[in-house]
């Protein structure tokens, strides 16, 4: 059944019963009448409404005027005369000040472009996940051997304990460096390749390219999670390892460059040789050299942590917490820099003397010194992060 023109509320000539009506202006709706099979109009006269025609006209004119004002304001803001504004700003300036501002703008633009090009040319720094994958592959500084189906898996006690509740409970019954732990896994069907994939998951948070389709089986994964426990994210667990330093096997000690006298044991900082080796080639070579000379074997026999003595003239103690935090979390937190008097014989002391006895360094100075330390340690993630810290504030001229 079709609808005629009177069914729409804006029809100006409704027809009822076929007779024509004079054209009148109404606002309303139409409803269907069952008795006459026609349309029964519900009309609302403008005279009895809430808004009179004159008021509506004034309102529409007011809205149009307001709209034109907004459009005009938007156009004026888009076409702002920046040259005129700059002339008004510099009208009272000296010529030398104006030249200095121009040079600063040019230097800032060049620095921004240089930083951008350097970022494109620079190789991406290996992150925590990538370094821990290399650690599992190359077996640096392992301190426990897992025996599974006659195969030995050298591993790191601290990583396994912080990542997996099953290993945390298991390793408490096998203390000491180089302990051999026989693995008894209740989940059926796990072979050597699957066990290796599970260990790689604990180190990296990913199974990687595993050819065994059984790891894609949901039932197997559920059984493994029930037996081994479900670990947190890699970042959260490594942050917890940094905070609590369970199973630490290294102590970072500090000495003066003039007398090479070691500090007190209370000032030593705890760390894990596995993390130091994974993140810094400098520490890795140092620890590998100790293994070749037999010092590592002596420390394992005596169950004592490895003491690494750092020269404060090269690596000030106040920055070591920042360095360690970045090694465990990939985050540079300059708030961990030890405040107060600069370290003995450190670069901070020299800067304090040059600046007329000012002991407190600025954030930029701390980032600059930390950047050079990262280059010395070959810790590329820390170097790139501090490089961003140094270049980011330079993009806005300080004159404005």
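Going from the start of the chain as shown, residues are counted 1 onward.
The backbone N, Cα and C atoms fix where each Cβ goes, and this holds for glycine too.
Any TrEMBL annotation is an automated prediction that lacks curation.
Because the structure is a prediction, the values reported are computed rather than measured.
Database features (TrEMBL):
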COMPBIAS  1-10  compositional bias 'Polar residues'
REGION    1-27  region 'Disordered'
COMPBIAS  18-27  compositional bias 'Polar residues'
DOMAIN    142-211  domain 'BTB'
DOMAIN    256-336  domain 'BTB'
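Look at the domain 'BTB' (142-211): DSSP puts its residues at 27 helix, 14 strand, 29 coil.
Counting residues per DSSP class in helix, strand and coil order gives 47 helix, 10 strand, 24 coil for the domain 'BTB' (256-336). Averaged over the domain 'BTB' (142-211), the predicted model reaches a pLDDT of 85.
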